[in-house]
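Enquirer: From TrEMBL, here are the annotated features:
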- 51-65: compositional bias 'Basic and acidic residues' (COMPBIAS)
- 90-612: domain 'Amino acid permease/ SLC12A' (DOMAIN)
- 621-762: domain 'SLC12A transporter C-terminal' (DOMAIN)
- 778-993: domain 'SLC12A transporter C-terminal' (DOMAIN)
- 51-71: region 'Disordered' (REGION)
- 91-112: transmembrane segment (TRANSMEM)
- 132-156: transmembrane segment (TRANSMEM)
- 168-191: transmembrane segment (TRANSMEM)
- 211-233: transmembrane segment (TRANSMEM)
- 240-260: transmembrane segment (TRANSMEM)
- 295-317: transmembrane segment (TRANSMEM)
- 329-347: transmembrane segment (TRANSMEM)
- 422-446: transmembrane segment (TRANSMEM)
- 472-491: transmembrane segment (TRANSMEM)
- 497-518: transmembrane segment (TRANSMEM)
- 530-549: transmembrane segment (TRANSMEM)
């Protein structure tokens, strides 16, 4: 019996009612099912929400309500037969065809001739080590979830994010498009060589016109083959693989049979020979094309023979099970090709000499007249010229050039083969198979890239045709690029650049695996377990090293192109949410930095104003946020908070997301928090205690001045006043901003109700062109467009100026700082920070201070100037006020009395905290007079200032009522320029010590 089978036949207590569906008894819960996790958009339709399970008012959804839009779309299938491939046809065969390129037949012999057998094996092993480690990393990434179309691009973009994926995806598409042309050019050149060697003829001119004419025809044929469908592509590739295997078998058989003619012997193919094997064991580097060779330059030539390992992965959308097929097919293909690349150097080193003139007559004379002499002593091998041309000695003897042998001929594989023409056929198969692989792979990568809309203007290439979603538009683009390259006729200059493009993608595949493993994200659970993060990192470094070994100039070009594309995608900020490891790394970095910050002892030199803005809905008070943003910028924390009535979870989530999206769209570097409370002060207490994390928590509270304090409900006034007390109780600084039109524009500015991407879970294929950030970037910024009235009406200029007062560039003016009392220096620090911002850089600081003694004005002024100099604060003027305690005018006193008249009471005691008793007025008489006098001084000195900043009077608990305190603030700031009251927490925020 199977371990998973259940047999109740012998159980007398078995209840047959269990034969009914379990769903009949479970009315709310959902059983674990793949469908609950497959489609992001239908999670809430298939699986009940927490509210569904927790609420007593749950109503089961109808069947039609449980089907998401994507499910409906899934039912609409395109007509035709869907072709999906297994690991053999889909990955193994394609990788073998792409790895076994023309280099196998034309350059492997030259590698042995230059490097010798030992170093040739080192080169082969090193190259395959790079690809094997990359394949291991790719296998881990490929088995970490379902893979859609796009291959390498899809894996890198979903692992490292759109910036890396977008840069590699575009580079990979262009590289493969050009590679199609290079392979076709290689095919035509092989065809030219065969026609000239066997038939002594040419097609047109034996040069570039042959390449253009025949290459265009071949490209057109391959294009038709690709459009016909992957089924026919696979059939052709199977035939090409058969020819490729047959040609390799032809070489092996030829080596074991040995040379059949004297002409073959004269060209260096001497058969199995121990001395030849020994002579070919060590390196013998020579100049090639005028350049000295070494192991690095030879490796650069050989490495292209082991690339192509992603040919199967690039067709991930056409595989039945990509997660299983990609590791299995790719690793087996690398293993098979590695064995072949190890075998052929042994065969060639044991059978072919390095140099031979090909002089058959001279070879016969020596070979048949000196049968007891070693064949290697033949002048055909020993006396030919390695300079590449014939020359005449002093004895008037002609020394022929060494045109054959491992060092000199690229046709060695054809020489040792049992039937030479089959090698040319193998070359044709290798070039055409690689061209096909690039032709069908590049459009699919481009299609996936276009669907994600990381670059503008390429979405047209995302469209697929037929049941297999074939990227016909992509085929057309690749055809055009390849055609243009074929017209050039020679692409040797860009061949190394293409290799570096591929290596860059290999490096990022390795880094993807390392990064996901290193940051230990929970989602990285690959089925393929035979990987190691440090091996992946080593593989990524090897790829980078290989790039520079091949050509350091093209490696730098590749880096610059990658960085340029990365920055372009980063600048566009695509609204895609793929859960990349870079996102996880951001969390880990932030967490570690926050924990590290916990161990840092606070110091006055490191003080930063971290502002908690009592903003309400952020879009309601733009000036308040703009002012806070001027202070914080990207250098300190800004938290916008709102105290609101009760909301259900869904409404609250949507509301918070909208507020956060508004902050992002308006480019505020801020957080938003919402707390439930019946009164402002109750919510404020909770916020003051819980806002922030560790030492990343607010130390200054910013409020707008309550302009309606004299007419609002008494409880509302008391709540505002108690909020100030709560802040001081929590040792927080306070700043209160007053503007002539107020800071609350909720009834004037249109409420932004446009849908936001964060209202739902972002799908991987999200149309980023319609998201708020993308739309905002399309529009040319203007204040009138950014802020409009209800229905999009244009705001009056005076209203618009009030809304944008802290966004606009200020002209030359002054910021008047009335530093009345020492609060730790916050009253002085905030205006200094403002002057460092470009908007307020034209404004000079004027410092006002109170004189302690009238007869010491000069000394106190010098003392204040000296203190400012020690603080290294640039100022325009220092003014010491000598008569702050002078009597006030009757008119000023009557004006103030009018403010508090309605709150005065004749009762001896007022318990409401708002009414003003006669006793309180008497006790606070000096303070009241001082504040009235300060208003007169403000009118005399600061009525034309751009901004006034004054130390906030301290509201003594139980000593001053809410109405009297608000009257003080109202009277001093009414009718004045923008006014900011500031009070620090009496801890130093400035120091003059180093």
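Backbone N, Cα and C define each Cβ position, glycine as well.
All annotation found in TrEMBL is predicted automatically rather than curated by experts.
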Enquirer: With DSSP as the reference, give the number of residues of the domain 'SLC12A transporter C-terminal' (621-762) in helix, strand and coil.
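Expert: When I sort the residues of the domain 'SLC12A transporter C-terminal' (621-762) into the three classes, I find 58 helix, 26 strand, 58 coil.
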Enquirer: Find the average pLDDT over the domain 'SLC12A transporter C-terminal' (621-762) in the predicted model and report it.
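Expert: Average per-residue pLDDT within the domain 'SLC12A transporter C-terminal' (621-762): 86.
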Enquirer: Cβ under 8 Å to the transmembrane segment (472-491), counting only same-chain residues 6 or more beyond its ends: which ones?
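Expert: Same-chain contacts beyond the ends: 173-174, 176-178, 180-182, 184-185, 208, 211-212, 215-216, 219, 223, 226-227, 439, 442-444, 446-447, 450, 460-461, 463-465.
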Enquirer: Taking 3+ C-beta pairs under 8 angstroms (sequence gap of 6 or more) as contact, is the transmembrane segment (497-518) in contact with the transmembrane segment (211-233)?
Expert: no
Enquirer: Are the transmembrane segment (132-156) and the transmembrane segment (530-549) close enough that 3 or more Cβ pairs fall under 8 Å, when only pairs 6 or more apart in sequence count?
Expert: yes
